[in-house]
Amino acid sequence: MKNKEGYIQFSFIDKVIFFLSTYLLLFDCVNGYFLENGIDIPVSLLIKNILLILILYRLSYDVSFFKIAYFICLYVAILLSYYTFFDDIQYIYIGKSFTHLMKFLVTIVYFHYFSNSFQLLSSESILCRIKSIIYFSFIVIFINIILGPFGFGYKQYGGTFTYRGFFYAGNDLSGVVLLLIPLILFFSLLNRKKVTWQYVLLCFISLLVGVLIGTKTGLISIFMSFLIVPKLYNRQKIGWKRKLVKAILSCILVLIVIYVIYYLLDYTGSLQRWSYMLEKEDLSAVIYSGRDYFWDLHKKVFYKSPFEVLLLGMGGGITVERDFHDTLLNYGIIGVIIVYSFYAYVLIRSFIYYNKSEYPFAKIVFFINVLLLSASCISGHIIYSGTTNFFIAVVNSLQYYKEKEINEKNHCNI
């Protein structure tokens, strides 16, 4: 059934999907609080399963999704058959492989739903709801992290002043921060097209969150966002004198930010931790946080394996805490092609629409995808995260938002 604008009606199920999506991180916190107090009730997993079932039900009316579903089922069937009949792998590890793979496959399902929503439902309505998801999720992270120094929640690393609030899977936070903060900064520039005090305040809050979480992935992505997001949407033509003044002020600001980051990292103990690793190992150990050691161990086994293992992987949910290498070890060369084809698609599509003004989110989505893929090569729990996968889908769906020539836009004023 369609409304007078020709869009498919926003159903009750769609409302439930967006409601659960908005409070998804809050459910993660409730789950973490229960676990901290010895209550083993998988609240977050239950909510995510309900969300997935509702989305699958909604997509069951979409003919184009059946092609994707058929491909997913075929690939999973091939892998399970290979693990069961041809690979020397215990049944318990087959379950681990399936769980690990599902974290990626669910991303595709989420992405198809949210990207289709922009095309089939009212794009302005969907944009407003996605803004609500982004804002509320960021607020949940900020409150969790800022309460850490007051003794609430978990510490990120023992013996340091780094925190993850009530998020039980603390490693997933870096990926979520990488996705949310560039968008939050962009939203503050959306209508103004220039740096304002709101942008500066958001930069300070984001920096505080990044330092208190204490992960290199989070900090680097935040710092890069500070520098690049304003450049993406600054189209004003200015004279060379103003350019010079802006360049000088930018350099001063960068130096101040670097000093503040250095001071805060020193205070929280992160700097000492990295210095210790540099002293004991080398620079690569600091960059990869020791993950290169695990990769060196597993790659010798992998590259000496039979041809079918090189193609389809070793399975078993093996992890060296670096997503690209995890993909290669678990799913082989074919798995790398399949997994990174999806990310190549969203990256290339956002690049194609990069300079088209009617697609205002293409630039920021392209930038976020570059950060995401870079992080997945040196870090883990980015593309294989039960939390981050949802936000990967939501953020990438924004590149499908197209501004109407006859502007409906109220931009929600959130």
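Even glycines carry a Cβ here, placed using N, Cα and C.
Features of the protein shown, as given by TrEMBL:
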- 12-35: transmembrane segment (TRANSMEM)
- 41-61: transmembrane segment (TRANSMEM)
- 68-85: transmembrane segment (TRANSMEM)
- 91-113: transmembrane segment (TRANSMEM)
- 133-154: transmembrane segment (TRANSMEM)
- 166-187: transmembrane segment (TRANSMEM)
- 199-227: transmembrane segment (TRANSMEM)
- 247-265: transmembrane segment (TRANSMEM)
- 331-352: transmembrane segment (TRANSMEM)
- 364-384: transmembrane segment (TRANSMEM)
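If you look at the transmembrane segment (12-35), the same-chain residues 6 or more away from its ends with a CB under 8 A from one of its CBs are 41-45, 47-48, 50-51, 54-55, 57-58, 113, 117, 121, 129, 132-133, 136-137, 140-141, 144, 153-154, 165-169, 176, 387, 390, 394. Counting Cβ pairs under 8 Å to the transmembrane segment (166-187), the top-ranked stretch among 41-61, 91-113, 133-154, 364-384 is 364-384. Beyond the transmembrane segment (364-384), the same-chain residues lying 6 or more positions past its ends with a Cβ under 8 Å from any Cβ of the stretch are 100, 103-104, 107, 169, 171-172, 174-175, 178-179, 182-183, 186, 216-217, 221, 224-225, 228-229, 232, 287-289, 291, 319-324, 326, 339-340, 343, 346-347, 350-351, 354, 392, 395-396, 398-399.
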